[in-house]
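Asks: Taken from TrEMBL, the feature transmembrane segment covers 6-25, 46-64, 70-87, 138-158, 165-183, 189-206, 213-232, 238-261, 295-315. What TrEMBL records for ASN157, ASP217 is Mg(2+) binding site.
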Amino acid sequence: MQHVFTFTLAFLIVYALVPVMRNLALKTGFVDVPNQRKIHRDPIPLLGGAAMFVGFFATTMVMGEINREYIGLALGALVIFLVGLVDDYAKTRGKDFPALPKFVGQLLAATVLISFDIRIEGITVPFGSGAGYYEFDTWLSVVGTLLWVVGITNMFNFLDGVDGLAGGIAAISATTLLFISLLKGQTTSAMFAVTLIAISLAFLRHNFHPAQIFMGDSGATFLGFTLAAIAVEGAFKAATLVSVAVPVLALGVPIFDFFYVTIKRIKEHRPIHKADKAHTFHQLMRSGMNQIQTVAFLYLLGICFSLASIIVVLVNR
């Protein structure tokens, strides 16, 4: 029942806050300016991420326990959100925020998580003569966590290019992580996942095509960062060699899109970090799909990845 209350509270907060943030963005000129690589043709308010950030932490402060892990997540997410907000501000002026300070900010946010003991600690080998739990050396734990958190944060940001896509995929991925957390009896991770589902769905009401507001980099990186942290605290805890695939599959769509785009840019000798129209959703739209069809197709792909991850969990119980 607590999860129902958590979902309802988070949903209502974000649902009510988004129109407020939209009006504020319009009044202050905090809007995404169209350019040649973007799909939208009119300026769109960019403060959706602020509503999601406030909704997430207002809910979890009321419904959860403020412990060491919670403080680590909150501080790391705050860094991610503020860096994204600066990036969004640059967009409102028709500019691109430099990649290096953005990357440094993301590394700092991931380091905050690690300093509060939110990290990938080890792995369980369930078979063979070497069966047992293997704790990673500190350097391997730190590097692995940094790569995972910063990677997923950027992958979700890459995915936020079509109305409703990032929010919907976040809800699908969070639902998978919720299922895994409930199976493992991880109540805190489950609460975070429920809250993330709620804020994503509430935002989708205003972001599905034609979008009335964008989540911006502040929202997309916040979603990716939080999902990555939930996976570290949930799916990666006491993970077996096989079940390491679970969080990877749960976040399959952004991971697939990231590697597709990265390989394409490398082959064409273009900078990996420079935005373009090489993403999977761009390719689908060029094939003849409209925005709604493209998003629906990628939702279906996300559900398939999530079901595969759940099957892996159930088989390895």
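Keep in mind that glycine also has a Cβ here, set from the backbone N, Cα and C atoms.
TrEMBL annotations: computationally assigned, not manually curated.
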Asks: Let me check one thing: do the transmembrane segment (189-206) and the transmembrane segment (295-315) come into contact, meaning three or more Cβ pairs under 8 Å with sequence separation of at least 6?
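Replies: When sequence-distant Cβ pairs are counted, the transmembrane segment (295-315) does not touch the transmembrane segment (189-206), since fewer than 3 lie under 8 Å.
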Asks: Starting from each candidate's C-beta and looking 10 angstroms out, tell me which of the binding-site residues ASN157, ASP217 has the most other C-beta atoms.
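Replies: Max Cβ neighbours within 10 Å, all protein chains included: ASN157.
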Asks: Would the transmembrane segment (165-183) and the transmembrane segment (6-25) count as touching if the test is at least 3 Cβ pairs under 8 Å, pairs 6 or more apart?
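Replies: Not in contact, no.
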Asks: Which sequence positions outside the transmembrane segment (295-315), separated from its termini by at least 6 residues, show Cβ-Cβ distances below 8 Å to it?
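Replies: Distal contacts: 162-165, 168-169, 172-173, 175-176, 179-180, 183, 208-209, 242-243, 245-253, 256, 280-281, 284, 289.
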Asks: When you scan the chain for residues with a C-beta under 8 Å from the transmembrane segment (6-25), skipping those not six or more beyond its ends, what do you find?
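Replies: Hits for the transmembrane segment (6-25): 31, 45-48, 50-52, 54-56, 58-60, 62-63, 191, 194-195, 197-199, 201-203, 205-206, 212-213.
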Asks: For the transmembrane segment (70-87), give me same-chain residues lying six or more residues beyond its boundaries with a C-beta closer than 8 angstroms to one of its C-beta atoms, as numbers and ranges.
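Replies: Cβ under 8 Å, 6 or more out: 49-50, 53, 56-57, 60, 64, 97, 101-102, 105-106, 108-110, 112-113, 115-118, 153, 157, 188, 192, 216-222, 225-226, 229.
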Asks: Using DSSP and collapsing to three states, where does ASP217 (Mg(2+) binding site) fall: helix, strand or coil?
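Replies: Once the DSSP labels are grouped into three classes, ASP217 (Mg(2+) binding site) ends up as helix.
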